(Lines of atoms letter the chains of each structure in order from A; the text may use other names.)
(Lines give C-alpha, C1' and ligand atoms only; values in the text may rest on other atoms or scores of the structure.)
Protein backbone atom coordinates (compact mmCIF):
# COMPACT_ATOMS: atom_id res chain seq x y z
CA UNK A 1 0.00 0.00 0.00
CA UNK A 2 2.92 2.28 0.70
CA UNK A 3 4.12 1.82 -2.84
CA UNK A 4 0.74 2.87 -4.28
CA UNK A 5 0.73 6.00 -2.19
CA UNK A 6 4.19 6.99 -3.35
CA UNK A 7 4.44 10.00 -5.70
CA UNK A 8 6.08 9.87 -9.10
CA UNK A 9 8.88 12.36 -9.73
CA UNK A 10 9.99 13.38 -13.27
CA UNK A 11 13.19 15.33 -14.04
CA UNK A 12 12.60 17.90 -16.82
CA UNK A 13 15.20 20.05 -18.50
CA UNK A 14 14.93 23.70 -17.48
CA UNK A 15 14.80 24.98 -21.07
CA UNK A 16 11.44 23.35 -21.97
CA UNK A 17 8.39 25.51 -21.27
CA UNK A 18 5.80 24.32 -18.87
CA UNK A 19 2.92 24.31 -21.36
CA UNK A 20 4.80 22.19 -23.84
CA UNK A 21 5.54 19.74 -21.05
CA UNK A 22 1.86 19.50 -20.12
CA UNK A 23 0.81 18.81 -23.69
CA UNK A 24 3.53 16.24 -24.10
CA UNK A 25 2.47 14.38 -20.97
CA UNK A 26 -1.18 14.45 -22.03
CA UNK A 27 -0.49 12.87 -25.41
CA UNK A 28 2.31 10.54 -24.45
CA UNK A 29 1.72 6.90 -23.75
CA UNK A 30 2.52 5.77 -20.31
CA UNK A 31 4.56 2.65 -20.09
CA UNK A 32 4.78 1.07 -16.70
CA UNK A 33 6.99 -1.87 -15.98
CA UNK A 34 6.41 -3.07 -12.49
CA UNK A 35 6.55 -6.23 -10.55
CA UNK A 36 4.74 -7.37 -7.57
CA UNK A 37 7.68 -6.30 -5.48
CA UNK A 38 7.36 -2.67 -6.79
CA UNK A 39 10.02 -2.32 -9.56
CA UNK A 40 11.10 1.09 -11.27
CA UNK A 41 8.74 2.98 -13.74
CA UNK A 42 10.12 4.57 -17.10
CA UNK A 43 8.06 7.27 -19.05
CA UNK A 44 8.55 8.52 -22.83
CA UNK A 45 6.80 10.53 -25.67
CA UNK A 46 6.67 10.83 -29.50
CA UNK A 47 8.47 13.83 -31.22
CA UNK A 48 6.49 17.04 -31.60
CA UNK A 49 7.11 20.41 -33.41
CA UNK A 50 7.29 23.13 -30.82
CA UNK A 51 7.76 26.08 -33.32
CA UNK A 52 7.34 26.43 -37.06
CA UNK A 53 9.40 28.77 -39.27
CA UNK A 54 8.23 29.36 -42.84
CA UNK A 55 11.34 30.90 -44.43
CA UNK A 56 14.70 32.44 -43.64
CA UNK A 57 16.29 35.29 -45.66
CA UNK A 58 20.08 35.47 -45.76
CA UNK A 59 22.45 37.63 -47.81
CA UNK A 60 24.90 35.91 -50.03
CA UNK A 61 28.21 35.30 -48.28
CA UNK A 62 26.78 35.23 -44.75
CA UNK A 63 26.06 32.16 -42.59
CA UNK A 64 22.57 30.70 -42.03
CA UNK A 65 21.30 28.85 -38.95
CA UNK A 66 18.18 26.67 -39.39
CA UNK A 67 16.44 25.16 -36.33
CA UNK A 68 14.41 21.98 -36.58
CA UNK A 69 12.23 23.00 -33.54
CA UNK A 70 11.29 19.42 -32.52
CA UNK A 71 11.10 17.79 -29.09
CA UNK A 72 10.71 14.23 -27.88
CA UNK A 73 11.58 11.76 -25.15
CA UNK A 74 13.98 10.08 -25.36
CA UNK A 75 16.36 12.33 -27.35
CA UNK A 76 15.65 12.69 -31.04
CA UNK A 77 17.89 11.85 -33.95
CA UNK A 78 18.04 14.60 -36.63
CA UNK A 79 18.65 14.35 -40.35
CA UNK A 80 18.63 17.22 -42.89
CA UNK A 81 17.72 17.03 -46.59
CA UNK A 82 18.04 19.73 -49.26
CA UNK A 83 15.52 20.71 -51.96
CA UNK A 84 16.59 17.89 -54.29
CA UNK A 85 16.22 15.27 -51.54
CA UNK A 86 19.91 14.78 -50.86
CA UNK A 87 20.96 13.91 -47.32
CA UNK A 88 23.39 16.41 -45.90
CA UNK A 89 26.38 14.91 -44.12
CA UNK A 90 29.41 16.55 -42.65
CA UNK A 91 31.73 13.76 -43.77
CA UNK A 92 30.61 14.01 -47.40
CA UNK A 93 30.91 17.77 -47.26
CA UNK A 94 34.45 17.53 -45.97
CA UNK A 95 35.40 15.20 -48.80
CA UNK A 96 33.69 17.22 -51.58
CA UNK A 97 34.18 20.83 -50.51
CA UNK A 98 37.05 20.61 -48.05
CA UNK A 99 34.84 20.84 -44.94
CA UNK A 100 33.10 23.63 -43.11
CA UNK A 101 30.07 24.06 -45.42
CA UNK A 102 27.48 22.05 -43.48
CA UNK A 103 27.62 21.87 -39.71
CA UNK A 104 25.19 19.68 -37.67
CA UNK A 105 24.83 21.20 -34.21
CA UNK A 106 23.14 19.82 -31.07
CA UNK A 107 19.37 20.28 -30.72
CA UNK A 108 18.71 19.85 -34.47
CA UNK A 109 20.46 22.99 -35.69
CA UNK A 110 21.89 23.22 -39.23
CA UNK A 111 24.57 25.83 -39.79
CA UNK A 112 25.43 26.80 -43.41
CA UNK A 113 28.61 28.84 -43.67
CA UNK A 114 29.20 31.18 -46.59
CA UNK A 115 25.80 30.91 -48.19
CA UNK A 116 25.84 31.06 -52.00
CA UNK A 117 23.04 31.78 -54.42
CA UNK A 118 22.89 28.08 -55.30
CA UNK A 119 22.10 27.17 -51.67
CA UNK A 120 18.60 28.62 -51.89
CA UNK A 121 15.64 26.28 -51.59
CA UNK A 122 13.77 24.13 -49.06
CA UNK A 123 15.49 22.28 -46.23
CA UNK A 124 13.65 19.43 -44.45
CA UNK A 125 14.46 18.23 -40.93
CA UNK A 126 13.51 14.66 -39.95
CA UNK A 127 13.43 14.02 -36.17
CA UNK A 128 12.84 10.49 -34.81
CA UNK A 129 13.07 8.38 -31.63
CA UNK A 130 11.77 4.99 -30.51
CA UNK A 131 8.25 6.38 -30.25
CA UNK A 132 7.91 8.04 -33.71
CA UNK A 133 9.16 10.35 -36.49
CA UNK A 134 8.32 13.92 -37.43
CA UNK A 135 9.59 16.40 -40.11
CA UNK A 136 9.76 20.15 -40.45
CA UNK A 137 10.47 22.14 -43.67
CA UNK A 138 12.11 25.59 -43.80
CA UNK A 139 12.65 27.65 -46.98
CA UNK A 140 16.00 29.40 -47.39
CA UNK A 141 16.02 32.58 -49.51
CA UNK A 142 19.31 34.11 -50.58
CA UNK A 143 19.69 37.80 -51.49
CA UNK A 144 21.91 38.06 -54.55
CA UNK A 145 24.71 40.55 -53.85
CA UNK A 146 27.45 39.18 -56.08
CA UNK A 147 28.96 41.29 -58.91
CA UNK A 148 28.37 38.68 -61.58
CA UNK A 149 25.12 40.27 -62.79
CA UNK A 150 26.75 43.69 -62.77
CA UNK A 151 29.47 42.37 -65.01
CA UNK A 152 26.81 40.78 -67.20
CA UNK A 153 24.92 44.05 -67.61
CA UNK A 154 28.17 45.89 -68.20
CA UNK A 155 29.10 43.45 -70.95
CA UNK A 156 25.67 43.88 -72.56
CA UNK A 157 26.00 47.69 -72.49
CA UNK A 158 29.48 47.53 -73.96
CA UNK A 159 28.30 45.27 -76.77
CA UNK A 160 25.37 47.58 -77.56
CA UNK A 161 27.62 50.65 -77.49
CA UNK A 162 30.11 48.93 -79.79
CA UNK A 163 27.37 48.07 -82.28
CA UNK A 164 26.08 51.66 -82.31
CA UNK A 165 29.58 53.04 -82.80
CA UNK A 166 30.25 50.64 -85.66
CA UNK A 167 27.02 51.71 -87.38
CA UNK A 168 27.85 55.40 -86.95
CA UNK A 169 31.38 54.95 -88.26
CA UNK A 170 30.03 53.02 -91.26
CA UNK A 171 27.54 55.78 -91.98
CA UNK A 172 30.24 58.45 -91.74
CA UNK A 173 32.48 56.49 -94.09
CA UNK A 174 29.65 56.14 -96.60
CA UNK A 175 28.86 59.86 -96.40
CA UNK A 176 32.53 60.72 -96.78
CA UNK A 177 32.87 58.54 -99.86
CA UNK A 178 29.68 60.05 -101.30
CA UNK A 179 30.96 63.57 -100.70
CA UNK A 180 34.27 62.72 -102.33
CA UNK A 181 32.49 61.31 -105.38
CA UNK A 182 30.24 64.37 -105.53
CA UNK A 183 33.20 66.72 -105.27
CA UNK A 184 34.99 64.82 -108.00
CA UNK A 185 31.90 64.96 -110.24
CA UNK A 186 31.51 68.71 -109.64
CA UNK A 187 35.15 69.37 -110.43
CA UNK A 188 34.93 67.27 -113.57
CA UNK A 189 31.74 69.07 -114.60
CA UNK A 190 33.19 72.55 -114.16
CA UNK A 191 36.32 71.55 -116.04
CA UNK A 192 34.27 70.56 -119.12
CA UNK A 193 30.83 71.91 -119.96
CA UNK A 194 30.21 73.75 -116.71
CA UNK A 195 32.92 76.29 -117.53
CA UNK A 196 31.23 77.15 -120.83
CA UNK A 197 27.85 77.62 -119.18
CA UNK A 198 29.37 79.79 -116.49
CA UNK A 199 31.11 81.89 -119.13
CA UNK A 200 27.83 82.41 -121.00
CA UNK A 201 26.03 83.32 -117.79
CA UNK A 202 28.81 85.74 -116.90
CA UNK A 203 28.58 87.41 -120.30
CA UNK A 204 24.82 87.82 -119.91
CA UNK A 205 25.27 89.19 -116.40
CA UNK A 206 27.74 91.79 -117.65
CA UNK A 207 25.17 93.04 -120.19
CA UNK A 208 22.43 93.58 -117.63
CA UNK A 209 21.96 97.37 -117.42
CA UNK A 210 21.36 99.17 -114.18
CA UNK A 211 17.89 100.71 -113.88
CA UNK A 212 17.81 104.25 -112.54
CA UNK A 213 15.16 106.92 -112.44
CA UNK A 214 16.52 108.46 -115.64
CA UNK A 215 16.15 105.25 -117.67
CA UNK A 216 13.14 104.53 -119.81
CA UNK A 217 10.69 101.66 -119.64
CA UNK A 218 12.34 100.06 -122.65
CA UNK A 219 15.55 99.80 -120.67
CA UNK A 220 13.61 98.29 -117.77
CA UNK A 221 12.14 95.71 -120.12
CA UNK A 222 15.58 94.89 -121.48
CA UNK A 223 16.84 94.53 -117.93
CA UNK A 224 14.02 92.12 -117.22
CA UNK A 225 14.85 90.09 -120.33
CA UNK A 226 18.53 89.99 -119.42
CA UNK A 227 17.83 89.02 -115.82
CA UNK A 228 15.48 86.20 -116.82
CA UNK A 229 18.02 85.02 -119.37
CA UNK A 230 20.70 84.98 -116.69
CA UNK A 231 18.36 83.07 -114.38
CA UNK A 232 17.69 80.53 -117.12
CA UNK A 233 21.39 79.87 -117.62
CA UNK A 234 21.96 79.58 -113.89
CA UNK A 235 19.02 77.17 -113.65
CA UNK A 236 20.39 75.02 -116.45
CA UNK A 237 23.78 75.06 -114.78
CA UNK A 238 22.30 74.03 -111.43
CA UNK A 239 20.27 71.23 -113.00
CA UNK A 240 23.23 69.86 -114.89
CA UNK A 241 25.41 69.59 -111.77
CA UNK A 242 25.31 65.95 -110.51
CA UNK A 243 24.04 66.71 -107.04
CA UNK A 244 21.05 65.56 -104.97
CA UNK A 245 18.00 67.84 -105.31
CA UNK A 246 19.26 70.32 -102.75
CA UNK A 247 19.69 73.37 -105.03
CA UNK A 248 16.65 75.61 -105.17
CA UNK A 249 15.06 76.64 -108.40
CA UNK A 250 16.85 79.77 -109.60
CA UNK A 251 13.92 80.85 -111.71
CA UNK A 252 11.66 80.81 -108.66
CA UNK A 253 14.15 82.94 -106.78
CA UNK A 254 14.39 85.46 -109.60
CA UNK A 255 10.61 85.62 -109.92
CA UNK A 256 10.35 86.37 -106.22
CA UNK A 257 12.95 89.09 -106.64
CA UNK A 258 10.95 90.53 -109.55
CA UNK A 259 7.80 90.56 -107.46
CA UNK A 260 9.58 92.40 -104.67
CA UNK A 261 11.09 94.98 -107.00
CA UNK A 262 7.81 95.34 -108.91
CA UNK A 263 9.23 95.01 -112.41
CA UNK A 264 6.66 92.49 -113.52
CA UNK A 265 3.72 94.65 -112.46
CA UNK A 266 5.25 97.71 -114.10
CA UNK A 267 5.83 95.75 -117.27
CA UNK A 268 2.20 94.64 -117.32
CA UNK A 269 0.88 98.14 -116.71
CA UNK A 270 3.18 100.29 -118.85
CA UNK A 271 4.83 98.09 -121.44
CA UNK A 272 2.77 96.46 -124.12
CA UNK A 273 2.98 95.50 -127.78
CA UNK A 274 0.96 97.47 -130.33
CA UNK A 275 0.41 96.00 -133.79
CA UNK A 276 1.53 98.08 -136.72
CA UNK A 277 -1.09 100.17 -138.50
CA UNK A 278 -3.34 100.29 -135.47
CA UNK A 279 -3.94 103.49 -133.58
CA UNK A 280 -2.91 103.60 -130.01
CA UNK A 281 -5.68 103.63 -127.39
CA UNK A 282 -6.50 106.80 -125.54
CA UNK A 283 -4.32 106.37 -122.45
CA UNK A 284 -1.83 108.48 -120.63
CA UNK A 285 1.33 106.70 -121.76
CA UNK A 286 1.60 103.86 -124.26
CA UNK A 287 4.94 102.48 -125.38
CA UNK A 288 5.82 99.71 -127.73
CA UNK A 289 8.93 97.55 -127.63
CA UNK A 290 10.85 97.34 -130.92
CA UNK A 291 11.70 93.93 -132.32
CA UNK A 292 15.39 94.64 -131.91
CA UNK A 293 14.91 94.68 -128.14
CA UNK A 294 13.13 91.35 -128.11
CA UNK A 295 14.93 88.06 -127.59
CA UNK A 296 16.95 87.21 -130.64
CA UNK A 297 17.14 83.85 -132.36
CA UNK A 298 20.83 83.30 -131.58
CA UNK A 299 21.88 80.17 -129.66
CA UNK A 300 22.81 82.22 -126.67
CA UNK A 301 19.54 84.18 -126.94
CA UNK A 302 21.12 87.44 -125.87
CA UNK A 303 20.36 90.85 -127.38
CA UNK A 304 22.84 93.55 -128.31
CA UNK A 305 23.13 96.66 -126.21
CA UNK A 306 23.31 98.72 -129.40
CA UNK A 307 19.65 97.92 -130.08
CA UNK A 308 18.69 100.46 -127.45
CA UNK A 309 19.74 103.32 -129.77
CA UNK A 310 17.66 102.13 -132.73
CA UNK A 311 14.40 103.82 -133.68
CA UNK A 312 11.25 101.92 -132.70
CA UNK A 313 8.89 100.70 -135.38
CA UNK A 314 5.80 102.40 -133.98
CA UNK A 315 5.31 104.81 -131.13
CA UNK A 316 1.85 105.99 -130.10
CA UNK A 317 1.95 109.49 -128.63
CA UNK A 318 -0.90 110.82 -126.53
CA UNK A 319 -3.06 113.77 -127.58
CA UNK A 320 -3.26 116.18 -124.71
CA UNK A 321 -6.10 118.66 -124.24
CA UNK A 322 -5.50 121.31 -121.63
CA UNK A 323 -7.02 124.76 -120.88
CA UNK A 324 -5.15 127.90 -121.89
CA UNK A 325 -3.90 130.50 -119.50
CA UNK A 326 -5.59 133.90 -119.25
CA UNK A 327 -2.82 135.68 -121.17
CA UNK A 328 -2.92 133.21 -124.05
CA UNK A 329 -6.71 133.41 -124.11
CA UNK A 330 -6.62 137.20 -124.40
CA UNK A 331 -4.05 137.03 -127.20
CA UNK A 332 -6.19 134.55 -129.11
CA UNK A 333 -9.27 136.74 -128.77
CA UNK A 334 -7.37 139.77 -130.05
CA UNK A 335 -6.06 137.80 -133.01
CA UNK A 336 -9.55 136.61 -133.87
CA UNK A 337 -10.93 140.14 -133.68
CA UNK A 338 -8.21 141.35 -136.03
CA UNK A 339 -9.03 138.59 -138.51
CA UNK A 340 -12.72 139.42 -138.38
CA UNK A 341 -11.96 143.10 -139.05
CA UNK A 342 -9.72 142.25 -141.98
CA UNK A 343 -12.43 140.11 -143.52
CA UNK A 344 -14.98 142.91 -143.12
CA UNK A 345 -12.61 145.35 -144.79
CA UNK A 346 -11.89 143.05 -147.70
CA UNK A 347 -15.55 142.44 -148.48
CA UNK A 348 -16.45 146.10 -149.20
CA UNK A 349 -13.25 146.54 -151.17
CA UNK A 350 -14.15 143.62 -153.39
CA UNK A 351 -17.56 145.07 -154.00
CA UNK A 352 -16.21 148.48 -154.98
CA UNK A 353 -13.12 147.57 -156.97
CA UNK A 354 -11.90 144.07 -157.81
CA UNK A 355 -8.40 145.39 -158.40
CA UNK A 356 -7.90 146.39 -154.78
CA UNK A 357 -8.84 142.92 -153.61
CA UNK A 358 -5.51 141.39 -154.54
CA UNK A 359 -3.42 143.21 -151.88
CA UNK A 360 -5.79 142.04 -149.21
CA UNK A 361 -5.34 138.43 -150.24
CA UNK A 362 -1.62 138.93 -150.15
CA UNK A 363 -1.86 140.13 -146.60
CA UNK A 364 -3.81 137.07 -145.54
CA UNK A 365 -1.37 134.77 -147.28
CA UNK A 366 1.52 136.45 -145.58
CA UNK A 367 -0.22 136.00 -142.31
CA UNK A 368 -0.76 132.34 -143.06
CA UNK A 369 2.79 131.79 -144.14
CA UNK A 370 4.01 133.46 -141.01
CA UNK A 371 1.82 131.13 -139.04
CA UNK A 372 3.17 128.14 -140.94
CA UNK A 373 6.76 129.13 -140.40
CA UNK A 374 6.46 129.11 -136.65
CA UNK A 375 6.27 125.31 -136.22
CA UNK A 376 9.00 124.77 -138.82
CA UNK A 377 11.50 126.73 -136.78
CA UNK A 378 11.59 123.94 -134.14
CA UNK A 379 11.70 120.67 -136.07
CA UNK A 380 13.49 118.85 -133.29
CA UNK A 381 10.59 118.95 -130.86
CA UNK A 382 7.69 117.89 -133.10
CA UNK A 383 6.70 117.58 -136.75
CA UNK A 384 4.44 120.20 -138.45
CA UNK A 385 0.88 119.22 -139.33
CA UNK A 386 0.30 117.96 -142.85
CA UNK A 387 -2.61 120.36 -143.65
CA UNK A 388 -3.82 123.63 -142.24
CA UNK A 389 -7.32 122.27 -141.91
CA UNK A 390 -6.25 120.30 -138.86
CA UNK A 391 -6.11 123.51 -136.83
CA UNK A 392 -9.76 124.40 -137.55
CA UNK A 393 -11.32 122.10 -134.89
CA UNK A 394 -9.31 123.88 -132.25
CA UNK A 395 -11.21 127.12 -133.01
CA UNK A 396 -14.66 125.61 -133.40
CA UNK A 397 -14.65 123.30 -130.39
CA UNK A 398 -13.78 125.54 -127.52
CA UNK A 399 -12.06 128.88 -127.20
CA UNK A 400 -10.64 128.09 -123.75
CA UNK A 401 -8.82 124.88 -124.71
CA UNK A 402 -5.84 124.09 -126.89
CA UNK A 403 -5.59 120.80 -128.77
CA UNK A 404 -2.14 119.63 -129.87
CA UNK A 405 -1.97 116.98 -132.58
CA UNK A 406 1.20 114.92 -132.99
CA UNK A 407 1.86 112.50 -135.80
CA UNK A 408 2.82 108.81 -135.44
CA UNK A 409 6.26 107.66 -136.53
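FYI, residue positions are counted from 1 along the chain as it appears here.
Each Cβ is built from the backbone N, Cα and C atoms, and glycine gets one as well.
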Candidate ranges 107-127, 128-148, 149-169, 170-190 [criterion: Swiss-Prot lists as transmembrane segment]: 149-169
Record-annotated phosphoserine (source Swiss-Prot) among candidates 292, 296, 306: 306
Selected residue, Swiss-Prot feature phosphoserine, from candidates 30, 303, 325: 303
Swiss-Prot annotation, phosphoserine - which of 307, 349: 307
Phosphoserine: annotated position in Swiss-Prot, out of 298, 374: 298
Candidates 68, 125: member of the disulfide-bonded residues with the richest Cβ shell (10 Å): 68
